[in-house]
Amino acid sequence: MAAEEMHWPVPMKAIGAQNLLTMPGGVAKAGYLHKKGGTQLQLLKWPLRFVIIHKRCVYYFKSSTSASPQGAFSLSGYNRVMRAAEETTSNNVFPFKIIHISKKHRTWFFSASSEEERKSWMALLRREIGHFHEKKDLPLDTSDSSSDTDSFYGAVERPVDISLSPYPTDNEDYEHDDEDDSYLEPDSPEPGRLEDALMHPPAYPPPPVPTPRKPAFSDMPRAHSFTSKGPGPLLPPPPPKHGLPDVGLAAEDSKRDPLCPRRAEPCPRVPATPRRMSDPPLSTMPTAPGLRKPPCFRESASPSPEPWTPGHGACSTSSAAIMATATSRNCDKLKSFHLSPRGPPTSEPPPVPANKPKFLKIAEEDPPREAAMPGLFVPPVAPRPPALKLPVPEAMARPAVLPRPEKPQLPHLQRSPPDGQSFRSFSFEKPRQPSQADTGGDDSDEDYEKVPLPNSVFVNTTESCEVERLFKATSPRGEPQDGLYCIRNSSTKSGKVLVVWDETSNKVRNYRIFEKDSKFYLEGEVLFVSVGSMVEHYHTHVLPSHQSLLLRHPYGYTGPR
């Protein structure tokens with residue numbers, strides 16, 4: 001008997017309801033029951049679940065066709081099935097509960113549709129619990145449901161005599177929160193249909209997904225909040241939608257500089273170009289020619305980089321003479337050879353500093369001759385400062401616009417969110433040039449509105465209770481600000497959920513962010529091109545299904561002011 005007790009089955013993590021029902025043997029009972037919510041936010045909710053008792057494990061699904069369970073637990077260590085009189089309400093007339101021998105473990109509450117159903121479920125659960133312990137109690141079955149009620153419940157509700165030690169149930173059970181029942185759904189019927197079209201199809205792909213998720217099961221010490229539908233693996237696709245800045249950034253760079261792809265491979269100096277474009281410092285002028293001369297010198301001294309490395313002094317003196325006579329030829333060669341000469345300096349940095357003083361002198365001697373050529377190779381790294389020198393006279397016309405008090409703030413707006421490389425991070429560079437010709441007040445407001453959402457707003461969790469805990473931690477007294485908000489991952493489907501603290505009801509409110517045709521919305525009538533513009537809208541417009549709730553404070557963000 002003791003050897004048998006050590007082999008209590010462990011709930012299977014990802015199995016469809018139909019697959020479980022068709023497994024040979026082991027299914028004691030299956031049917032629909034109402035299950036009490038497991039989190040603090042859902043204690044008053046009793047969603048309908050399809051429950052299967054299989055080999056002394058209880059599984060519950062959203063429906064009989066679900067691809068994976070909402071949760072499951074082993075009956076190991078549970079020693080009593082009782083009526084739950086304290087949970088009886090007008091909606092739950094026939095509740096019952098399954099109690100663990102240890103008070104540290106969860107008590108599970110279910111509600112049947114009739115007295116007969118409750119007797120049947122309780123009798124079968126009692127039989128499963130006593131499988132290894134009380135062979136004499138096995139005659140308890142559904143036929144007892146027709147017997148006297150008091151005698152039936154007296155026999156069923158008697159605790160099973162078991163010992164606690166052999167049951168390692170801490171990390172075997174798991175539960176997926178029924179959070180989709182707690183969302184504030186849109187008032188109009190159309191968004192509901194849109195949700196069906198958008199969200200129901202992904203419910204079936206998850207069955208193959210749990211395989212990469214399997215390492216996560218061992219990481220969960222207490223399993224009552226485990227997410228089994230695999231939203232974790234499905235979530236990476238949405239961030240690329242909001243994280244497109246990186247791709248867009250590369251595209252913008254390629255438009256800005258056609259030779260950028262070539263430079264990206266050989267040299268780490270590429271980041272210098274964007275800096276010069278947006279904020280050209282005059283201090284870089286003497287060093288830029290120095291950076292430009294080594295490529296000219298390497299090509300004029302020898303056709304390949306190998307002869308250049310042995311004798312640095314001799315090559316440098318001869319290159320000075322050659323450069324004085326053939327500067328234009330070398331600069332033309334640079335356009336085709338600038339990839340090859342930049343390879344060696346990365347592998348042999350010491351020679352470059354040794355020769356740099358001579359290059360700088362040469363650069364000081366020949367600035368007029370070089371200034372005539374930069375038009376040919378504006379794309380390379382070095383020619384940027386000369387190219388920017390030319391527009392300086394034009395800049396003399398700009399001071400009339402630039403002295404505006406708003407404009408100096410724009411650089412701060414670009415750099416202020418240290419944690420926010422958002423998909424709008426480069427949107428400032430486009431409006432800034434046209435805005436110089438326009439009147440200042442309106443454009444500066446537009447630029448301000450395009451500040452990206454900080455990364456701290458996106459919380460990497462699927463639990464509303466976890467977000468509530470984070471919100472309360474922001475205040476010493478545990479009272480979050482009204483309108484404090486963040487965006488978390490959805491626990492049931494691929495997508496995002498807007499979580500807002502409602503001070504009037506002293507709780508968080510969840511709004512699923514729907515998406516269709518690259519548009520985002522909380523309710524069907526108002527569509528937005530991005531999550532950022534949607535959040536901006538609800539800073540000044542009341543959220544759906546509420547009288548006065550606005551988005552006011554992004555979580556974890558302290559402004560630059």
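Cβ coordinates are placed from backbone N, Cα and C, and glycine is handled just like the others.
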SER114, SER225, SER278, SER490 - residue that Swiss-Prot labels as phosphoserine: SER278
Annotated phosphoserine residue, as Swiss-Prot has it, among SER283, SER427, SER505: SER427
Position flagged as phosphoserine [Swiss-Prot], chosen from SER340, SER416: SER416
Of the residue ranges 131-140, 201-210, 551-560, the one that Swiss-Prot records as motif 'SH3-binding': 201-210
Number of helical, extended and coil residues in the domain 'SH2' (457-555), per DSSP: 18 helix, 31 strand, 50 coil
Composition by DSSP (helix, strand, coil) of residues within the domain 'PH' (26-130): 21 helix, 43 strand, 41 coil
